[in-house]
Amino acid sequence: MGAAAVDDGPTGVKAPDGGWGWAVLCGCFVITGFSYAFPKAISVFYKELIKEFGVGYSDTAWISSILLAMLYGTGPLCSVLVNRFGCRPVMMVGGLFASLGMILASFATSIIQIYFTTGVITGLGLALNFQPSLIMLNRYFDQKRPLANGLAAAGSPVFLSCLSPLGHVLEHEYGWRGGFLILGGMLLNCCACGALMRPLQPPKKPVDQEEPSSKVVEKKPKRKLLDFVVFKDRGFLIYAIAASIMVLGLFVPPVFVISYAEHLGNSDTNAAFLLSILGFVDLFSRPTCGIIAGLKWVRPHCVYLFAFAMVFNGVTDLVGSMSVDYTHLVIFCVFFGISYGMVGALQFEVLMAIVGTEKFPSAIGLVLLMEAMAVLVGPPSAGMILDATHKNYMVVFMVAGSQVTLSALVLGFGNFFCIKKKHKEPKKEVDASPAELLLIRKRPESSLMLSSEVEQFLKEDTEKNGEVNMNPETCV
């Protein structure tokens, strides 16, 4: 009821950096895990869907693609809903949508119906949870925000390592329909996470300070549901362009590393183990990077740490493209997990630092929309390159690494050359009344003297200047 009003950003509310914020962090951890891991986890059901509906691998791959497109592409819609209704109701409705999509999919009779239920409905539900959870995390944490972002981002590798094996068990025990039904029930936990997003309350004024005589209702200016003014911010523009280039190649290696290992003659079990290594390293990399980003001497330069993480990731792809055996791929997954975790921990922290709390709801929606186009183009274009080069994985990994490295250069050099340094703090203004300021402007500089200086002079030199009675008639 009052959530929408509080979400407008009440004055005087300071981020508690703890307290109920830790409950918000737990909810954000779960939501991030479902949002990023779910599109990959449902891929374990693809073989059963191919047998059930008589379709090909490319047809089933569209399920994850549509789900990711909804997660990223509905960013502006989420921003509008959050600014209109608040984070908590949007997230609870999103949890219902996410669960409903999987439950309806368990009764599907064609692959098109699964596109609509799992892809569109569940994807929309996850989007309505993911973006508001980040907004609430930004409001509850300030000094500890880098650590909070790192811990919340760790939900992705944790849930991926849990949901994929669980999917195999559900498929074996209950079939794909039973598995979809159970996963739909699990997604109802998003509603519980949404209930944790309690709006921050403004501080209550003491009873003595309240003036019952002046009960004037001040009308707050209407807040824009989607604020495009963020595009006037150079820092936001540079970030949005760099992030769009980055996601073209960021998700390519995790998608193709298993087939790369199989192409080199490794077994399916060993190839699948590479993702487990990547996820395990990623799990520890994200909170560790959050701790580093929160250091006093690092946080003001967090943008450049993010650019370094992107360079690290891109160079890892370029070097990993030269792998010729399983040992090289294991080393590649270790370093990729470190760099991938750093990117995941810093990407939204940097955006929060650039635009601030007030503009973040609109900024993240617009950034996710720009990234959605790149997410749809990235993996399919890598597959086309793979087909054109007759399964030359070196070319695919080199292209992906070049794209991520280019995005780092855009972010780093763009901020260094295009963002003006903050000016020195202005001189403190003289504490004087409007009448005194008017007299100051009219007098010459040599004759300027404020009332505070006169009073101090009279107090100190009473002997020379005579006794002065400080009554209302004589005091200055």
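Backbone N, Cα and C atoms are what each Cβ position is placed from, and that goes for glycine too.
The annotation transmembrane segment is assigned in TrEMBL to 20-39, 60-82, 147-166, 178-197, 236-261, 273-295, 302-320, 326-348, 360-381, 393-418. The domain 'Major facilitator superfamily (MFS) profile' annotation in TrEMBL covers 21-419.
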For the transmembrane segment (147-166), distant same-chain residues with Cβ under 8 A (at least six beyond the ends): 21, 25, 28-38, 40-41, 44, 133-134, 137, 140-141, 275-276, 279-280, 282-283, 286-291, 293-294, 341, 344-346, 348-349, 352
Chain residues in Cβ proximity to the transmembrane segment (236-261) (below 8 Å; excluding those fewer than six residues from its ends, i.e. six or more beyond): 230, 270-272, 274-275, 278, 310, 313-314, 317, 320, 323, 326, 329, 332-333, 336, 340, 343, 347, 350-351, 354-355, 363, 366-367, 370-371, 373-375, 377-379, 381-382, 386, 393, 396-397, 399-404, 406-408, 410-411, 414-415, 418-419
Average model confidence [pLDDT] within the domain 'Major facilitator superfamily (MFS) profile' (21-419): 82
